[in-house]
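Read the structure below first, then the notes.
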Amino acid sequence: MMAAHQEKKTSEERKHKSTQNDTQTSQVQWGRAWEVDWFSLASILFLLMFAPLIVYYFVMSCDQYQCSLIDPLIDLLTGNKHLSDIWNKTPTLTYRAAAIYALWVTFQVFLYVFVPDFCHKFLPGYVGGVQEGAVTPAGVVNKYEINGLQAWIITHVLWFANAYYFHCFSPTIIFDNWIPLLWCANILGYAVSTFAMIKGYFFPTNAKDCKFTGNFFYDYMMGIEFNPRIGKWFDFKLFFNGRPGIVAWTLINLSYAAKQQELYGQVTNSMILVNVLQGIYVLDFFWNEAWYLKTIDICHDHFGWYLGWGDCVWLPYLYTLQGLYLVYHPVQLRTANAIGILMLGLIGYYIFRMTNHQKDLFRRTNGNCKIWGKKPEYIECSYMSVDGTKYYSKLMTSGFWGWARHFNYTGDLMGSLAYCLTCGFEHILPYFYIVYMTILLTHRCIRDEHRCFSKYGKDWKRYTAAVPYRLIPGIF
């Protein structure tokens, strides 16, 4: 969605109270839904029941079946093994893993809440420190301490200092405790999701930004509060979306590389590619963390199990499958193949970054800029907040955003495919990521556009007529 920065103009030009919605927007549909249809409920129940099992199945397949997704099913169907046999071979929660995980989360909370950002003071072009988010449905503009890049740098400096100088723990510590850490991540994911639901009922940060459907499962998964907070700065959505999962992403890959070195005496070029390409993605996320405040996760999603458990468990365990696979199946790519995969990943990143850069530039300048050497074209839209305040946005139809309505996702998918191709074609497990990301981003396109139509009404129809394709120009 190419909504321009949602600032109020002067009272004469852009702000007025009104109960009439002349753009046919529906303020009750801004954000999460108020009512639950049968398909949404069925989908949510499916995810609540099976998403944890999917994560366990993938990790167990690598631990016990050399990353084969088929062999466990064959063993169960032929009677060679029972579920209890597989479960009894699974490592259990340990005090060591609990201590590691508790220390990790505590450290990230400390960096998030108590260490104000200083990177923006000496890194040209980096936007950090205190930043404003988008307007919430209740008309609130939250402030955030943007210090994710700083937390990432501090964490990784300490990691390398330990690996090369202090030797307090082995660089393979994450891999060596991978399944016990899974149980810790699940405990945190369920705990924070449950706490967020209780908080939404009894002591919400902003009651006007809460939504209740009356359906326990939907409210638990999709969340009640829009921006649950503790104190002034601890924002649940920003912390769990970026920390601890994404900061850990690159550490997890480094631990996989260390394990490959320990087992085989070398780190393969495929493992290096995974570390480099995914490292670029992670660094990009933190470099543009202020921009992330205007994405669908922050601007529309409420905080529930979907984000709480998903960011604690789903993201670190399934987004890192390529590195995990390469520990069990080291792949040394031919030079030409490695270069081709690297180029695919870099071109995908370029499209992803430049598409988002065009949007950010358009927002920051309110359209007074040049995209590909020309003044950008756009469609002006209006929408209502819950309190009846009317706001305006501009939807750009120039540059990459004139090619497709979500062309940044196209670049993201190219990068995702590159990660998977590093693993060769012997097993399907590492290709889960591209399949999942295709489903996720396609669903996000549809979900985002449904919300935009509810928010902007007939103005959104004008926009989709001007930019008819979602992801691939001329095709979809």
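We number each residue from 1, going along the chain as drawn.
Cβ atoms here come from the backbone N, Cα and C positions, even for glycine.
Just so you know, TrEMBL annotations never went through curation; they're auto-generated.
Taken from TrEMBL, the feature compositional bias 'Basic and acidic residues' covers 1-15.
Marked as region 'Disordered' by TrEMBL: 1-24.
Annotation source TrEMBL lists transmembrane segment at 38-59 (among others).
The transmembrane segment annotation in TrEMBL covers 93-115 (among others).
Sequence-distant contacts of the transmembrane segment (149-166), counting only residues of its own chain at least 6 positions beyond either end whose CB sits under 8 Å from a CB of the stretch, comprise 107-108, 111-112, 115, 117-119, 123, 126, 128, 243, 247, 250-251, 254, 258, 282-283, 286-287, 289. Residues or ranges marked as transmembrane segment in TrEMBL: 149-166 (among others).
Taken from TrEMBL, the feature transmembrane segment applies to 178-198 (among others).
Using a Cβ-Cβ cut-off under 8 Å and counting only residues 6 or more beyond its ends in the same chain, the transmembrane segment (263-283) has close neighbours at 149, 152, 246-247, 249-250, 253-254, 256-257, 319-320, 322-323, 326-327, 330-333, 338, 341-342, 345-346, 349, 415, 418-419, 422-424. According to TrEMBL, the transmembrane segment annotation covers 263-283 (among others).
Sequence-distant contacts of the transmembrane segment (303-328), counting only residues of its own chain at least 6 positions beyond either end whose CB sits under 8 Å from a CB of the stretch, comprise 47-48, 51-52, 54-55, 58-59, 62, 66-67, 175, 178, 182, 185-186, 188-190, 192-193, 196-197, 219-228, 236-237, 240-241, 244-246, 248-249, 252-253, 256-257, 259-260, 263, 268, 270-271, 274-275, 278, 297, 419-420, 422-423, 427, 429-430, 432-433, 436. The feature transmembrane segment is assigned by TrEMBL to 303-328 (among others).
For the transmembrane segment (335-352), same-chain residues at least 6 beyond its ends with a Cβ under 8 Å from one of its own Cβ atoms are 269-270, 273, 276-277, 280-281, 284, 400, 407-408, 410-419, 421-422. For 335-352 (among others), the entry in TrEMBL reads transmembrane segment.
Per TrEMBL, transmembrane segment is recorded for 416-441 (among others).
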